[in-house]
Amino acid sequence: MESENIISAADKARILAEALPYIRRFSGSVAVIKYGGNAMTEPALKEGFARDVVLLKLVGIHPVIVHGGGPQINAMLEKVGKKGEFVQGMRVTDKEAMDIVEMVLGGHVNKEIVSMINTYGGHAVGVSGRDDHFIKAKKLLIDTPEQNGVDIGQVGTVESIDTGLVKGLIERGCIPVVAPVGVGEKGEAFNINADLVAGKLAEELNAEKLLMMTNIAGVMDKTGNLLTKLTPKRIDELIADGTLYGGMLPKIASAVEAAVNGVKATHIIDGRLPNALLLEIFTDAGIGSMILGGGEDA
């Protein structure tokens, strides 16, 4: 037992030593985190995520959370007898569904995340893109193999982001938690894919990192091997041959756009792993797939 304790202590010391250069490097920087998947639904992972976010803040990194809520939205739609539909990875959202989306994201999911972070010593504040109208949206029309310009309801894309609200929260020492609902020119609500919001917000905040938490290890090739580094050219090839499809498309598109537009590192990581954020940011090997803005695949 004593030797196990010694090994454990040695491992902890090694981990801290490995983390120190990264803490120094990233202190004072912004990390935008897209929070979704199993990490949002499994109690142990939810608690671990909250602790990790608080730790990031304590070591000087400014985490900004953008959350999804697909399973929770689906559950509520099912309760009211509506079936969730998707086109090219985007949720079809009529007026009734939009009311439910906004209620679930802003009224339940956002508040739960805020409360969890605050329970572990953080100072999280929940906001929606309709607050101060800081996320302006326009209707998103989807192109499918069968038809171009398909209208899927109150689904939007980001037209512009005013980062003043989020920056103000960061300056006050708070952790912003953003529900991905935007506002149209007439004040109407738009459901925006959380990956798209996270990517655009990372660009506008000049974030050091964009981290997208998923239910997979990262981007995989057709044989199931993890691709640790990818360029836009390689991603185009993976889309063309059908390796990437469905719900991965908006995630990948957002990651690529962020990388091309100045976010220093964009990552797709496995949110099912305990301490996934810390493993990516504070270890030499990292985890998941890194999207590069250009050049050749490594």
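Numbering starts at 1 and runs along the chain as displayed.
Placement of Cβ uses the backbone N, Cα and C atoms for every residue, glycine included.
Per Swiss-Prot, the substrate site holds G69, G70, R91; the candidate it also names there, chosen from N38, N148, N191, N206, is N191.
Same-chain neighbours of the substrate site beyond G69, G70, R91, N191, judged by a C-beta within 8 angstroms of the site's C-beta center, are, in sequence order, G68, I73, T93, V101, L105, N193, A194.
Counting only the Cα atoms, the space from R91 (substrate binding site) to K34 (site 'Transition state stabilizer') is about 17 angstrom.
Of all the Cβ atoms in the protein chains shown, 21 others lie within 10 Å of the Cβ of R91 (substrate binding site). Cα of K34 (site 'Transition state stabilizer') to Cα of G69 (substrate binding site): a span of 11 Å.
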